[in-house]
Amino acid sequence: MPVVMARDLEETASSSEDEDLANQEDHPCIMWTGGCRRIPVLVFHAEAILTKDNNIRVIGERYHLSYKIVRTDSRLVRSILTAHGFHEVHPSSTDYNLMWTGSHLKPFLLRTLSEAQKVNHFPRSYELTRKDRLYKNIIRMQHTHGFKAFHILPQTFLLPAEYAEFCNSYSKDRGPWIVKPVASSRGRGVYLINNPNQISLEENILVSRYINNPLLIDDFKFDVRLYVLVTSYDPLVIYLYEEGLARFATVRYDQGSKNIRNQFMHLTNYSVNKKSGDYVSCDDPEVEDYGNKWSMSAMLRYLKQEGKDTTALMAHVEDLIIKTIISAELAIATACKTFVPHRSSCFELYGFDVLIDNTLKPWLLEVNLSPSLACDAPLDLKIKASMISDMFTVVGFVCQDPAQRTSNRSIYPSFESSRRNPFQKPQRTRPLSASDAEMKNLVASAREKVPGKLGGSVLGLSMEEIKVLRRVKEENDRRGGFIRIFPTSETWEIYGSYLEHKTSMNYMLATRLFQDRGNPRRSLLTGRARVSTEGAPELKVESMNSKAKLHAALYERKLLSLEVRKRRRRSGRLRAMRPKYPVIAQPAEMNIKTETESEEEEEVGLDNDDEEQEASQEESAGSLGENQAKYTPSLTVIVENSPRDNAMKVAEWTNKGEPCCKIEAQEPESKFNLMQILQDNGNLSKVQARLAFSAYLQHVQIRLTKDSGGQTLSPSWAAKEDEQMELVVRFLKRASSNLQHSLRMVLPSRRLALLERRRILAHQLGDFIGVYNKETEQMAEKKSKKKLEEEEEDGVNAESFQEFIRQASEAELEEVLTFYTQKNKSASVFLGTHSKSSKNSSSYSDSGAKGDHPETIQEVKIKQPKQQQATEIHADKLSRFTTSSGKEAKLVYTNCSSFCSPAAVLLQRLPSSHLSSVITTSALSAGPGHHASLSQIPPAVPSLPHQPALLLSPVPDNAPPSIHSGTQNVSPAGLPRCRSGSYTIGPFSSFQSAAHIYSQKLSRPSSAKAAGSCHPHKHHSGIAKTQKEGEDVSLNRRYNQSLVTAELQRLAEKQAARQYSPASHISLLTQQVTNLNLASSVINRSSASTPPTLRPVISPSGPTWSIQPDLHASETHSSPPGSRSLQTGGFAWEGEVENNAYSKTTGVVPQHKYHPTAGSYQLHFALQQLEQQKLQSRQLLDQSRARHQAIFGSQTLPNSSLWTMNNGPGCRISSATTGGQKPNTLPQKVVAPPNSSTLVSKPASNHKQVLRKPASQRASKGSSAEGQLNGLQSSLNPAAFMPITNSTGSLEAPQVIFARSKPLPTQSGALATVIGQRKSKSVKSGTI
């Protein structure tokens, strides 16, 4: 904010300023520091380079923070600074907060720095980064403290000065040597020799003994790039970043001298190996152990799995780093004291290259002044962006406008200067200076606290020492992914004596931070320091302290990607969980506990949120997100539970800055290590395995969602994404067929844009997960009801498992699921087998046994045979019913056991005026393993657009039931086989139930466990029984579950006791339906009686289609006389009824294979025309009818269509087609529900004769079928059953039977009652 505004607001102490400060205190990019917590320091977030969040930029823009980059080009640094509101200034400008340079700094430039300005190099840092100076410093330390204490470099000689010594050493050991220029990088000028004559002495070079026993991974040599941050040389403060890079050679290692010139084998520099044709790059940031560049944590995890002691290895690495920096500490600290006006002005990031031999001893290769920050792979970006962001946070950029330079004034300003600093918190009454206030606070708190605590003895410290002590502690609070390796209580005892820069700051820092260590530990550390001074002993695991083990666990954990943190920030969970870097609320509270105890609590805690990689679409954290609310478990618990991979997550901070004594009193909380439990003969229950699989699928859905935008659409990326989406599509196709519940698959077409396909696929995967979770819950409820105690014993602790699922990453879940699958030798528990397989305990009965609501209409997928896939027709709208590959068709059914009478209860609740016509086509299968399909229907007609709303939404109380007809398929035997796909869910009997009642002697159902079958054994007879039960319920207007169950069981036992003949219940039915001439009748009657909003269209998909017309349109539409007459009575064709009943009874099988004729195609084309002309006048429809009658006049159609229509609101239309031959005799009867119409063929001109004919035929009908019905017919009053045959038993002209919905007292009087009712109402049949 402007300076004037800051002054005015401070003087007036306005409420707006207080609100602004309150907002800043809560800002995720602000941490308040200083004695009174009035100095804002910027906190960096690596994910900001992806989110472009204005909330992150606003702080930098408000304070006009700026930077300049000199003699280098780092896109990563520029991107991170720009994302946080920094703006770049000219390299010659002096108004900047950060100067990032790629070269050493001149002394005059350092002298001009203000305390708020920072540069990324120390003066004389070449003492470390030049190979000759590093060698000289190490040699000096070896001479001073012993060769073994600083034996961190291979044997080295500086040529040409030490050429004679080199030749002398070579004569003793003629192994290979490596030559390096003293001031080069990236492997330039490096080569191997095996003879001194091969060396050129024209320039200064370094010759080192080649380490010919390197540690190999898969026979490849590698080294490790470590990132070391030094924030001060006086006192010396060293941080090591928890993540690094393992760089591999591209040629397998061979010690033979013939390969000595092969740089791709012996050099591991990325700049060298990237030129190799064998270089492999990994494009997935989540995969860290693939290709020629691994993460250091992945390398450590691999070594740990191989049985290597990674704790000792990393302890050796820390030892090497500390000794290396100490060797140059004197020269650099002296230069800083001479040239740098402020202790906090400089910082430096070093790149340590370390080679590990096969004894796990690390060797220092070189130290890089400006380690490469190029991001050539996603893994580079993840590691380096996190590291740079954490480094900037540790360094601490004060939010101060660089134009308001205070020169050499203290950052803790006087009263006058504070009025000009906008970042300073206002205070109404202030002492002489902020520093004095800090001192008084410290002294006052020291007097109040118990002696022996840290804050109790600040007396005697100078102002400068107090500020240094506070700054070091605040840096440690902001360290993020950096680990302070010096000073710590252990490293100070070991390496303190090596420091050569004898100032009071190092000693003060150590004594104030670690003064109250316990006597036993102090004696142990003193002994270690003494032995180390005498001979630099080998570091062993037995002597490792707790902090070393914790550090090893930190190095092994996996760093979270930027995308993960981006999703968390987007969901707002980062601020909701905790402030990023909690600060002690009052300065006095830092006196409660010693720095040593505080550090232990901060570093020992477990970071639970590090493992939250995508438990839902937003559940992941970034590397900065590692610093969540902390816990303080004991060391033994942490070490015992540290996983092989990266489950160990260590916290960095105390919880919300609360006093450490409160945290100390908390109970230790151990980390739940699921993989360890599984490896120790533990196991998951089936429900737990499904929960883990569901969480894994949610991670996959997150990846699909997050990548749907913001990507560079390169061909390689598009090909990769297409391949991954294809895997998900194949999974959904296979897995959805195993679901017991319905699932509508709308898989995206490959013609769509890539990002649109990802969006649709992510949505479909989400739907699948929802249904999958429902089934898992039902499984859990079912097991809990049955009290399966063995399942509980097999599973792990439920609460711990839920916590693991919530926090686990995708990689961890994948590892657990893979191990579980291998252990149980099956993955069927995740998806099960075919839930609708042909078993008696199929999902038809299972789904209804769960107590689901009977009003829920669901969708079932039927897997089609492979021979039919080629002919399956796929339109865009057709995908609502079938998957994009055509392997699955769908069928709507009520969610009850075996389609039983709960559906009738639904219809009882519906008003009679809203009941749609209910009629179904019998399509029972005549052979095992054959499914319904209408794939032979031509693809000319589009499917109806209103389908999804019907299929997905539950049926309301005032909505009529849907009739869903099945499909047919040609069997290998050449017979038209049909599976029942049409079920009447109403209280009135349907065509199928009537056929069953009048035949009674049906053939054995033939769906016996055929490959790909999705129907139970007793599916067909069970359907008829269900219809029967439904009628009973409708008659009594009540639903009795026990009565229905008993009746179903009784009928099933009677049916099973009969002798069945194979394939006799379908043959003549299919023959008769195919011989009906529907060309004129369907067109005529649909045009005459059907309102435009209800006229049907045949879908090329062939399963079932239903539409829900506009209620207003259907209610207000004026119906023609024929339509009104249809509302008063039901129609059915006599000949078809007789044919179908006879075919069920006799079981005559047709002898020729069904082949659709041209007439059937023309019929469907006519129906398509009707759909397209539904809003036109009746005159146009009559013309269309006449045209098609002329076409089909001389042809016999092999298909017939049964149309169910109703003019009432909310009615639904269903259709089915079947094919077959014309039978000889046609004993059959049908009953149509009220307010329904069956339009099959053109009726005869004399309707009264049609009505009288069934009465005379009834006497000649065989009594065997009726005798079996006498016990049940009395309960079926709502419908009239009228068998119709002619004298010859063959089909004559199509006839119509009218069945009333009013209950009839007896079956014998049904016909007379119907005729009497129609006469009394004077209903004219007319042309329909």
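Even glycines carry a Cβ here, placed using N, Cα and C.
Which of 411-436, 775-800 counts as region 'Disordered' depends on Swiss-Prot, and there it is 411-436. The candidate list Arg247, Arg252, Arg261, Arg343 contains one residue that Swiss-Prot assigns to the L-glutamate site with Tyr270, Ser271, Lys293, Lys384, namely Arg247.
When the candidates Lys180, Lys275 are compared with the ATP site entry in Swiss-Prot, which names Arg186, Gly187, Ser208, Arg209, Tyr210, Ile211, Lys221, Phe222, Asp223, Thr268, Asn269, the shared residue is Lys180. Long-range Cβ proximity for Glu366 (Mg(2+) 1 binding site), meaning a same-chain Cβ under 8 A and a gap of 6 or more residues, is found for Thr129, Lys131, Leu134, Lys180, Ser185, Asp353.
According to its DSSP assignment, Glu366 (Mg(2+) 1 binding site) is in a strand. Following the DSSP three-state reduction, the secondary structure of Asp353 (Mg(2+) 1 binding site) is strand. With all protein chains in the displayed structure included, the most crowded Cβ environment within 10 Å among the binding-site residues Arg186, Asp353 is that of Asp353. When pLDDT is averaged over the region 'c-MTBD region' (378-488), the result is 68.
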